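Novice: According to Swiss-Prot, the protein carries these features:
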type     : residues    : note
DISULFID : Cys2-Cys18  : disulfide bond
DISULFID : Cys9-Cys23  : disulfide bond
DISULFID : Cys17-Cys33 : disulfide bond
DISULFID : Cys25-Cys31 : disulfide bond
MOD_RES  : Ser37       : serine amide
SITE     : Arg8        : site 'Pharmacophore'
SITE     : Trp12       : site 'Pharmacophore'
SITE     : Tyr22       : site 'Pharmacophore'
SITE     : Ser24       : site 'Pharmacophore'
SITE     : Arg26       : site 'Pharmacophore'
SITE     : Arg34       : site 'Pharmacophore'
Amino acid sequence: ACATKNQRCASWAGPYCCDGFYCSCRSYPGCMCRPNS
């Protein structure tokens, strides 16, 4: 399963974001999926 908007993700080990989202690690407490612009 892939992670969608505002769900936790890990760019190095998974879970990976769904198509159309990228893993952003700028927010606390960890990485979250954000929509691609």
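Every residue gets a Cβ built from N, Cα and C, even glycine.
Walk me through the surroundings of each of these features.
Specialist: Within the same chain, residues at least six positions away from Cys18 (disulfide bond) with a Cβ under 8 Å of its Cβ are Cys2, Ala3, Thr4, Cys33. A coil conformation is recorded for Cys18 (disulfide bond) in the three-state DSSP classification, outside any helix or strand.
In the three-state DSSP assignment, the secondary structure recorded for Cys23 (disulfide bond) is strand.
Over all protein chains present, the Cβ of Cys17 (disulfide bond) has 25 other Cβ atoms lying within 10 Å.
A simple way to gauge crowding: the CB of Cys31 (disulfide bond) has 20 other CB atoms within 10 angstroms, across all the protein chains here.
Its Cβ placed at the centre, Ser37 (serine amide) has 4 other Cβ atoms within 10 Å.
Note on Arg8 (site 'Pharmacophore'): other Cβ atoms within 10 Å of its Cβ, all shown chains, come to 13.
Shown in sequence order, the list is empty: the chain has no residue 6+ apart in sequence with a C-beta less than 8 angstroms from the C-beta of Trp12 (site 'Pharmacophore').
Around Tyr22 (site 'Pharmacophore'), the same-chain residues at least 6 positions away in sequence with a Cβ under 8 Å from its Cβ are Cys33, Arg34, Asn36.
Neighbour list (Arg26 (site 'Pharmacophore'), Cβ cut-off 8 Å, at least 6 residues apart, same chain): empty.
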Novice: I need the nearest neighbour of Arg8 (site 'Pharmacophore') among the recorded positions Cys17, Ser24, Cys25, Cys31, Ser37, using C-alpha distances.
Specialist: Cys31
Novice: Between the disulfide-bonded residues Cys2, Cys9, whose Cβ has more other Cβ atoms within 10 Å than any of the rest?
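Specialist: Compared across Cys2, Cys9, the most Cβ atoms within 10 Å surround Cys9.
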Novice: To which of the disulfide-bonded residues Cys23, Cys25, Cys33 does the lowest count of other Cβ atoms within 10 Å belong?
Specialist: Cys25
Novice: Return one of helix, strand or coil for Ser37 (serine amide), based on DSSP.
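Specialist: The residue in question, Ser37 (serine amide), is coil (DSSP, three-state).
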Novice: Tell me the Cβ neighbour count for Ser24 (site 'Pharmacophore'), meaning other Cβ atoms within 10 Å of its Cβ, over all protein chains shown.
Specialist: 14
